[in-house]
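Here is what Swiss-Prot records for this protein:
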| type | residues | note |
| --- | --- | --- |
| REGION | 1-24 | region 'Disordered' |
| MOD_RES | Met1 | N-acetylmethionine |
| MOD_RES | Ser11 | phosphoserine |
| CROSSLNK | Lys15 | SUMO2 cross-link |
| BINDING | Gly42, Gly94, Thr95, Thr96, Ser97, Thr162, Lys163, Gly411, Gly482, Glu483, Glu497, Lys502 | ADP binding site |
| BINDING | Gly42, Gly94, Thr95, Thr96, Gly411, Gly482, Glu497 | ATP binding site |
| BINDING | Asp93 | Mg(2+) binding site |
| MOD_RES | Ser170 | phosphoserine |
| MOD_RES | Lys222 | N6-acetyllysine |
| MOD_RES | Ser243 | phosphoserine |
| MOD_RES | Ser244 | phosphoserine |
| CROSSLNK | Lys248 | SUMO2 cross-link |
| CROSSLNK | Lys249 | SUMO2 cross-link |
| MOD_RES | Ser252 | phosphoserine |
| DISULFID | Cys366-Cys372 | disulfide bond |
| CROSSLNK | Lys381 | SUMO2 cross-link |
| REGION | 526-545 | region 'Disordered' |
Amino acid sequence: MMGHRPVLVLSQNTKRESGRKVQSGNINAAKTIADIIRTCLGPKSMMKMLLDPMGGIVMTNDGNAILREIQVQHPAAKSMIEISRTQDEEVGDGTTSVIILAGEMLSVAEHFLEQQMHPTVVISAYRKALDDMISTLKKISIPVDTSNRDTMLNIINSSITTKVISRWSSLACNIALDAVKTVQFEENGRKEIDIKKYARVEKIPGGIIEDSCVLRGVMINKDVTHPRMRRYIKNPRIVLLDSSLEYKKGESQTDIEITREEDFTRILQMEEEYIQQLCEDIIQLKPDVVITEKGISDLAQHYLMRANITAIRRVRKTDNNRIARACGARIVSRPEELREEDVGTGAGLLEIKKIGDEYFTFITECKDPKACTILLRGASKEILSEVERNLQDAMQVCRNVLLDPQLVPGGGASEMAVAHALTEKSKAMTGVEQWPYRAVAQALEVIPRTLIQNCGASTIRLLTSLRAKHTQENCETWGVNGETGTLVDMKELGIWEPLAVKLQTYKTAVETAVLLLRIDDIVSGHKKKGDDQSRQGGAPDAGQE
């Protein structure tokens, strides 16, 4: 075979990379992503300004929001971005630390791969380390009393201090706590807190941030359909529909042949009678407000107005669900089936206000709302979007604590405690595995190290003294004060994080590192046919889909 042409198995326009080259490529991609985000950790974090393709601006220091906007080529970088999204959906906080940790885990593994250690050895050490990390975290966690308002505000505050909104921290903490407490829903001993669905954030530019508040009820961006309808109703009876109050046209196309002209008037009359019947079904229940997801014809408006009923049309389905939860109404699909128990009487006030140039309907002062609207005011759209992102994080933290009331110390303290525990355990280990195992402990120190770097203090001196501190008894709550860059006891500073967030961060970071270490071959697929003719033989870059 030596003299013959090499046998081509893969087609000519695919490119294959394998072995060490791929592994170091993946590790570098992950490190690059981690470096982008590194300065966004802690209370002294920097903001990033991103321009999207449409020319809009995003200004944020939320790890997930930054990575969402970045377009990357390398497949390993894509999976890094994916984990920050998972973290955001799962626990809503810790998106920055999960990326930094995963990047660091891969970075310490590179050294072993260079020494020809097999990736599987590194992986099994990482897995073992993860189990020990989880058990150590659970050991240092403390239970929390969720009914104590000050404690809860303190926890939310430690999540908010790293964000833009920290200037208004007490306002933001109260908003987040009230909103989450409102949408908390218990049945048969099962807690359900659905923030996405029932706690809506409405942003209205104008005013100042101090004007923001949580409404005990719902606000929608709609006006009444007829100018003479009432705009201020106390204790309204509310009917919610998801059908239209218009003449129903048949599903299939129908043709009517008219021979006499009286028939024509009869047809119009039938349409009118149909609408009148619909309205009468509603009017029987004597509601004050009718809200529907579909349209309301002029004639129906006329009948409703004569009965002194306010009508609001084309409301979003999600808003309608929220109104139903807030005032206790049921959404009805057919007006003729309306019954007394479908009417919502839980709201204390319906009023329509003009804010800026637009009209908003407020349904507030609900007796026992299970949905709420957070009204945000602020100078510009960019600020509002950032404040909204921060509030979402704060609400998620609050939700995590309510669902799983366990806390671990923040400020890099839990990382150092876990790292110390791992180092102690590795002393008893024999064989090659102890080195990658010890490296995990080293990787965990990236969190306190980054906190120290971001506030401009001396990294080496502080980290060494922090390590020394953690070797002493009962010092596992010592960490870095991100504001000043000094070492403090987190118990005194009152910076705590939910255990759920930390567990998820560690699991995700280690799993991702393991996943990327497993890859030893990248085959990039075909290029488009058009490209092929123009650049014959030029293989696409690794990672181009």
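Keep in mind that glycine also has a Cβ here, set from the backbone N, Cα and C atoms.
A Cα-Cα distance of 40 Å separates Ser11 (phosphoserine) from Thr95 (ADP binding site). Within the same chain, residues at least 6 positions away in sequence whose Cβ sits under 8 Å from that of Lys163 (ADP binding site) are Asn61, Asp62, Glu386, Asn390, Asp393.
In this structure, the C-alpha atom of Thr96 (ATP binding site) lies 9 angstrom from that of Gly42 (ADP binding site).
Distance noted between the C-alpha atoms of Ser170 (phosphoserine) and Lys248 (SUMO2 cross-link) is 52 Å. Long-range Cβ contacts of Ser97 (ADP binding site) within its own chain (separation 6+, distance under 8 Å): Leu41, Gly63, Ile447, Thr505. With the fewest other Cβ atoms inside 10 Å of its Cβ, the least crowded of the modified residues Ser170, Ser244, Ser252 in this structure is Ser252. Non-local contacts of Asp93 (Mg(2+) binding site) by the CB criterion (under 8 A, 6+ apart in sequence, same chain) comprise Gln87, Ser159, Asp393, Gln396, Val397, Asn400, Glu497, Pro498, Val501. Among the binding-site residues listed (Gly42, Gly94, Gly411, Gly482), Gly94 has its Cα nearest to the Cα of Ser252 (phosphoserine). Thr96 (ATP binding site) counts 28 other C-beta atoms within 10 Å of its own C-beta, drawing on all protein chains shown.
Looking only at the recorded sites Lys15, Lys248, Lys249, the densest Cβ neighbourhood within 10 Å occurs at Lys15.
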